[in-house]
Structures are given as C-alpha cells and as structure tokens.
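Per TrEMBL, these features apply:
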- A:66-277: domain 'ABC transmembrane type-1' (DOMAIN)
- A:12-36: transmembrane segment (TRANSMEM)
- A:70-89: transmembrane segment (TRANSMEM)
- A:96-115: transmembrane segment (TRANSMEM)
- A:160-183: transmembrane segment (TRANSMEM)
- A:208-225: transmembrane segment (TRANSMEM)
- A:259-280: transmembrane segment (TRANSMEM)
Amino acid sequence: MEKTWNNKAWFMVLPVLVLVAFSAVIPLMTVVNYSVQDTFGGNQFFWAGAEWFEEMLHSDRFWAAMGRNLIFSAIILAIQIPLGIFIALNMPRKGWGVPVCLVLMALPLLIPWNVVGTIWQVFGRIDIGLLGYTLHALGFDYNYVNDPFDAWVTVIIMDVWHWTSLVVLLCYAGLVSIPDAFYQAAKIDGASRWAVFRYIQLPKMQRVLLIAVLLRFMDSFMIYTEPFVVTGGGPGNSTTFLSIDLVKMAVGQFDLGPAAAMSIIYFLIVLLLSWVFYTVMTNYDVEK
Amino acid sequence: MDFSWMAWTLPTAAFFITIFLMLVGMGVWEYFSPGGNPRVGILRFETTRGDRLFVSLLGSAFIHLAWLGLIGPNLWWALALAVVYAIGVFRFV
C-alpha cells in the first residue's frame, strides 16, 4: 500500500521549535559568540579566538571546581541511591500509611531551592539554628561558616534531605508495579529476604533506578542555589562548584569571554554524560 | 532587527551555517533514504545516522578541546582529526 505523506504535521511542531529556539538555541549561539571574544561592555567586542578555552583548560580554578563537583555528585549518589531504595522497601504498600508516607516524601521536593538553602543556612547556625546550636551544646566543634569539612557535611546533608525523596518515590513506583504472584512464587520456593530483593525487586526497579541515577547525577552536577545560599561557595572556595564559579566569573567579575568558554565546556560535559546515561538506559530496554 | 547583542563574528557564523547545512543535508538524506539506516556497529548498540551525526559532532568538540588543552592553539590539525573521526563514526559505529 502506498504510504500517505502529509507534511501538515510539521506546523504542529512549529510552536515548540520557536520556543526551543528562543529559550535554548539563540542563547547558546550567543554564548558561543561570546566565548571567542572579549568585551568591556557597551556592546563592543574584540576577537580572542580560542584563547579563553585554552585559558580555561589550563585553569587550576576550573579543574578544582570540576573536581569538587564530581566528588559532590559521587557522594550524593552513594548516599541517596541506597538510602532511597532502603526507604522505598520499608514503605507500606497498603492502608492509611501509604498516602501519609507519600505526602511526607513529596514535601521536601515541593520546597523552592532557595528556601531549602535558607532553611539549612539558619538550621546550621551555631547561635540560633537548631542543628548548629545543639551540636555546639553537645561539644562538637561544628561551624559551617569557618570549617570546610563542616560546610561540605551541611551541603551534603541538605541535598540528601532535599532529594532522597525523589529516589524513594521512583523506587516505590517500581516496587508497587511488581505483581503479587512474584512474591507468592518466591515464598513457595522458600526464598530469603535478600533473594527476593536481589532477584525480584532489584531487577524490577532497575529502570527507575537508572532514571533516578541520571536525574540525581545531572542535578547534583549542576547544583547552584542551595550551596550558594548556605555557604556562598565558602569557606574560601571549598564549596564553590562549577555553576557557582561560573556565576562569579560572569556576573561578579564580568569576564564574559572566559565565562562563556567555561559554559560551553561545562555544557559539553553535561551533554556527553546525558548521552551516555540515555544510551545505557535505552539499550537496557532493548536488551530486556 | 538589531542582532549586535549576539556579538556575531564571521567564524562563528560560518560555524553555525556549517552545522545548519549538515542538518539540512541529513534531512535531504532522510528524504531520499527514509528510516535513518539503523544498524549495530562497533559500539554494540543500534544507531541511526542521526545518532552518528551527534556522536561525530560531540566527539569533534572534545577532540578540539583536547588538542587545545594538550597541544596548542593551532586547531587545523584538530579539525582534520575530527573529520577523520567523523568519517570513522559514519563508517563503523
């Protein structure tokens, strides 16, 4: 049978194309243009070629921020994924406890990022914050304003508090989709709790877990608001992640050329990692 | 319309026109040979020619960055290497 071609459908995607052009493509083109030039304001630009990229690739500051970001993402994933699975496994599947748990889990996700930062900034203060004051009263030398280790611990706990719920909800969605017949068969076979987890629950959660890992990695790799509100990137540069450094460079120092070059390198890394995750996820589906 | 805020230069315009022409070329290719020519190459997963273009462009960007970081600012050799890489991707991936 002759296939019917109807190109009118292209008009349906036109609004999306316009939206993407104005929200992503045109700003990205502008950033590329800025990355090869220097400016002192007043819409005057001077050609710099690949100089800013070279400067960025040899910049200790850039690689230090990149290292901090990768370490932060690795720690976040190492905590949030197992913790999210553990909580999801222990959430009730029936009864009044289900909506209660789901609402409690969803609450941190509904709070705006800058508000989360403000909550933890106050919470951790040793003079008026419940956490900081209590730790200080117990004899711990906790002070996230002066101590880089304390600042890291605060930012990590804040992120765990804010985002573990997402992993929990995704895992829970995977768990409730498992038919009861699987558990009944496991019971008949005399399977242990670990065997049920390893051979029934984990494989069924694998797809949602991949989504959780992708979302949490990308989000933690691009984190800005919460640590900026809590620590401002300090003490020193100890919690200055890539996005914080980028804003400091672009807005604080008005170094638009180097900031644009940094943005493009940052964007390419995010794009590469997204592609790797996406490929792994889609090919996992194909194999299944 | 005034586009001076976008700070256009001839090299960046040429860069984007090249990308745009590549996309148009892919569209024309797809028109004459629909389906995207999916196949399993050396990466052991299925790729269409759109995937191969994406891998080529992303890889080329990293080749240029690596050249700039490790060797120097003369990027013509990096461009040649990126072209060879892209041909390899379209041939084997």
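Placement of Cβ uses the backbone N, Cα and C atoms for every residue, glycine included.
Note on the transmembrane segment (A:259-280): residues 28, 31-35, 52-53, 55-57, 62, 210, 213-214, 217-218, 221-222, 242-243, 245-246, 249-250 of its chain, located 6 or more positions outside it, place their CB under 8 angstroms from a CB of the stretch.
Counting same-chain residues at least six beyond the ends of the transmembrane segment (A:208-225), those with a Cβ under 8 angstroms from any Cβ of the stretch are 69-70, 72-73, 76-77, 80-81, 84-85, 113-114, 116-117, 159, 163, 166-167, 170-171, 173-174, 241-244, 247, 270, 273-274, 277-278, 280-281, 284.
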